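Asks: Below: one structure in structure tokens.
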Amino acid sequence: MLAVTFTAAAVLSLLAASGRTLNLDVDDLQSIREATSLLATGLMDYYHGHDYGETVGKFSDPYYWWEAGGAWGSILDYWYYMENSTYNDLLTDSLLHQAGEDLSYTPWNETTTEGNDDQFFWGMAVMAAAERNFPNPPADQPQWLALAQAVFNTMALRWDMETCNGGLRWQIFRWNDGYHYKNSVSNGALFHMAARLTRYTGNATYLEWAERVYDWMYGVGLISIVQPNWHVVYDGTDINDNCTNLNKLQWTYNHGLIMAGCAFIYNHTQDELWHQRTLRFLDSARIFLSNDTLYEAGCQGGDNCNIDQRSFKAYFSRFLGLTAQLVPESRETIVRWIRASAQGAAASCSGGRDGHTCGLNWLINGWDGKWGLGEQMAALEIIQNLRCLERPAPYTAMNGGTSPGDPAAGTKTKAENLPPLDIKAGDRAGAGIITALIGSSFLACTLWLII
């Protein structure tokens, strides 16, 4: 685990005076471009992975490996929303370098501490790369969709029927603290990946998995309906009491994982059930807003957000933009929230000697003295999502997506060795193969990655 101390390099980056200030007009594209350029530069000040002796793709201490995956996802969004390719080469190198020996984002250097949620943040980045038509790697390199499928496959193979009648544990390996905990970010991650793969590939088996995970989360209470229109996502539950007691902390990123996952499924299926679920989670997200401006309700009020939690609004901002792209009825509300939050975030980016270091609190019309990768990432995401309705929604394999897939990715089974299956023409991701790979493993409870 990384020590929670700031490196000298990070401090010097914070103090490096450029003399530029961040001014934002949410209605002016050039203003948005200039603001996000400053913020992206500030985010990349924390990255030294391409320097001699450093690790490609990893950010400086004290930021864990998973947050690097989150940060590269923000840089990918920056490329897409702002149409700025400044960091594309670094992004490609990092996503490929950290894929690991099995090309499933379980690199040996991280596996002693890696959890299911950690793996997911890299998987989400490559899923977005496929959906956004980010330039494909050379043909002899792993491809974005195949990498995303590998993340899904390896996570699904860890589905644990031996405790609580299903669900993913937080941790992959039994020696890590939290192995006994089944939490919403890990299960929500599997749901979210299944939802996005459903839409991208058209493969109904991914939808079956999304339904399985959602139903399990609802069954144990991680997803709860506390009022008819109020859907909440609690943090987790413990297998030691058979998942009967809930940790009722609520976090923006957990809520957003489920909300956006529902939006992806609705957009693909047009099923009114998923439509209503999307809108209910959106309505319930008001718990994370004050005067239409985002805040991290689980920790910000007590001024005790840790380094990880300071990045959560970044992912929620991303999920808001995706939901708006996919569900038209959500747009009026989401655009209002994004505009107000972007203005608050811009006001917070007024600190440090450079004059545009971002803080955590977007409610005070100024800098709160906080700074870090998470704060910078969150401000970048909310401001660039001002353009969420100005850019195309995520592509699919049926409407322009070009990333090649591999439904056997991440498994020990080669696709060519599986029995022939009826795969619909046009489903380039290989609908049906996933059934043989994951369905049989699920029935056998083959938890092959859990030691």
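Cβ from N, Cα, C; glycine included.
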Asks: Pick from 98-120, 397-419: which range does Swiss-Prot record as region 'Disordered'?
Replies: 397-419
Asks: Using a Cβ cut-off under 8 Å and a sequence separation of 6 or more, which residues in the same chain sit near Asn109 (N-linked glycosylation site)?
Replies: Thr55
Asks: With an 8 Å cut-off on Cβ-Cβ distance and a minimum sequence separation of at least 6, pull the same-chain contacts of Asn242 (N-linked glycosylation site), or say none.
Replies: Thr163, Cys164
Asks: Please identify, among the glycosylation sites Asn84, Asn203, Asn267, the one with the smallest Cα-Cα distance to Asn291 (N-linked glycosylation site).
Replies: Asn267
Asks: Fewest other CB within 10 angstroms, which one of the glycosylation sites Asn84, Asn203, Asn267, Asn291?
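Replies: Counting other Cβ atoms within 10 Å of each of the glycosylation sites Asn84, Asn203, Asn267, Asn291, the minimum falls on Asn291.
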